[in-house]
Amino acid sequence: MTIMRKSHPLMKIVNHDFIDLPTPPNISGWWNFGSLLGLCLILQIFTGLFLAMHYTSDTLTAFSSVTHICRDVNYGWLIRYMHANGASLFFMCLYIHIGRGIYYGSYLYTETWNIGILLLFLTMATAFMGYVLPWGQMSFWGATVITNLLSAMPYIGQDLVEWIWGGFSVDKATLTRFFALHFITPFIITAMIMVHLLFLHETGSNNPLGLPSNCGKVPFHPYYTTKDFMGVILLLTLFMTLVLFFPDKLGDPDNYTPANPLNTPPHIKPEWYFLFAYAILRSIPNKLGGVMALAFSILVLALLPYLHTSKQRSLSFRPLSQTLFWMLVSDVIALTWIGGLPVESPYIMIGQVASVLYFSIILIFMPIAGLIENKMLKL
């Protein structure tokens, strides 16, 4: 008699993807972040669902409804802080996941990689809309500044901005539609993740060596379920430490002031996970140029499969490319730091240098390093 997990139509899908999935025997802890992202998404959907039960998407009551959640709802403060810090955790895992993909050459699975970039855009849009919902000072002004960037688009820019706003400024219509979209996008992300996994399981996982491992694959369960569970325990420990001891560490104090269109905060900035892109946007004096650089800072990832010049897939045995990779990581950290600082000297110059370096490493230096390494290794 066949085992139920191998014969039942629904169980067969689960079995194929999470139990009997052939997996390379040597994948390291850097491969844990895919499953951790799944955990973060589940956390965000459930905490968001409970918050939506008490939240009101009206400009007059949005701020006080968030206060009501924290003060009057049973464990409302915990749900609210889990949701707010869960977004930070999500992006931390997401950036590590992308970094691992770049380091080990996972971008050569082009379909999986491109779906991943689409997922990144969707996640960024979801997080941005969520940041607007508490209707604090930074929520309101962040929404005004970031949506207003679309007006830089020739011909249709101003009409597009007014269409998104639902009027001539960020107001009740904007808040209502942002709430509706913020609620639905996680489910679109979930569907896209299914497609992401579908393409990944067509090719199989990459490994640290970047070599085919078909001859030595092992089943996903129990080896990697145990390994992933260890990652889950560590992540939840870090997460609950942040939520229970430092809940406001990653937030902005200005967001504890209700939105006031007549009073502009001294320094408008998005959440920390958007600061690197915000720094690139600010480093170009021209509005349209800045918006294009902002979009291209993410879209440049889609060019990686076509800029791969090395005969080796992974960076494991390529010291020159490794150096450039860690320079890129340092540069993104520097951009994140600069994005949170005021627009004044010397920060403007540092931001411009870091922005040029960001694109130069990806578009020029890494492809050249690949060719040099081929030459040195006589490949």
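Placement of Cβ uses the backbone N, Cα and C atoms for every residue, glycine included.
Spatially close to HIS182 (heme b b562 binding site) yet at least six residues away along the chain are GLY48, THR126, MET129, GLY130, LEU133, judged by Cβ distances under 8 angstroms. In the three-state DSSP scheme, HIS182 (heme b b562 binding site) falls into the helix class. Summarising the annotation, Swiss-Prot assigns heme b b562 binding site to HIS83, HIS182.
Annotation source Swiss-Prot lists heme b b566 binding site at HIS97, HIS196, citing similarity to another entry. Summarising the environment of HIS196 (heme b b566 binding site), the number of other Cβ atoms within 10 Å of its Cβ, over all protein chains shown, is 20.
According to Swiss-Prot, the ubiquinone binding site annotation covers HIS201, on the basis of similarity to another entry. Annotation note: HIS201 (ubiquinone binding site) sits in a helical segment as assigned by DSSP.
For 33-53 (among others), the entry in Swiss-Prot reads transmembrane segment, with the evidence type similarity to another entry. Here the transmembrane segment (33-53) has long-range neighbours at 69, 79-80, 82-83, 86-87, 89-90, 93-94, 96-97, 100, 130, 179, 182-183, 186-187, 189-190, 193, 228, 231-232, 235, meaning same-chain residues at least 6 beyond its ends whose C-beta is under 8 angstroms from one of its own.
Proximity of distant same-chain residues to the transmembrane segment (77-98), defined by a Cβ-Cβ separation under 8 Å and at least 6 residues beyond the stretch ends, is recorded for 30, 33-34, 36-37, 40-41, 43-44, 47-48, 50-51, 66, 69-71, 116, 120, 123, 127, 130, 235, 238-239, 242-243, 247, 250-251, 271-273, 301, 332. Per Swiss-Prot, the feature transmembrane segment maps to 77-98 (among others).
Residues 48, 55, 57, 62, 66, 87, 90-91, 94, 98, 101, 106-107, 139-140, 142-143, 146, 174-175, 178-179, 181-182, 185-186, 188-189, 192-193, 195-196, 199, 270-271, 273-274, 298-299, 301-302, 304-305 of the same chain lie 6 or more positions beyond the ends of the transmembrane segment (113-133) yet place their CB under 8 Å from a CB of it. What Swiss-Prot records for 113-133 (among others) is transmembrane segment, and it gives similarity to another entry as the kind of evidence.
The feature transmembrane segment is assigned by Swiss-Prot to 178-198 (among others), with similarity to another entry given as support. Tertiary neighbourhood of the transmembrane segment (178-198): same-chain residues 17, 38, 41, 44-45, 48, 52, 55, 57, 112, 115-116, 118-119, 122-123, 125-126, 129-130, 132-133, 143, selected by CB-CB distance under 8 Å and a gap of 6+ residues from either end.
For 226-246 (among others), the entry in Swiss-Prot reads transmembrane segment.
Under the heading transmembrane segment, Swiss-Prot lists 288-308 (among others), citing similarity to another entry as support.
Here Swiss-Prot flags 320-340 (among others) as transmembrane segment.
Residues annotated as transmembrane segment in Swiss-Prot, with similarity to another entry given as evidence: 347-367 (among others).
The Cβ of HIS201 (ubiquinone binding site) has 14 neighbouring Cβ atoms from other residues within 10 Å, across all protein chains displayed. The separation of HIS97 (heme b b566 binding site) from HIS201 (ubiquinone binding site), Cα to Cα, is 17 Å. In the three-state DSSP scheme, HIS83 (heme b b562 binding site) is classed as helix. Look at HIS196 (heme b b566 binding site): DSSP puts it in a helix.
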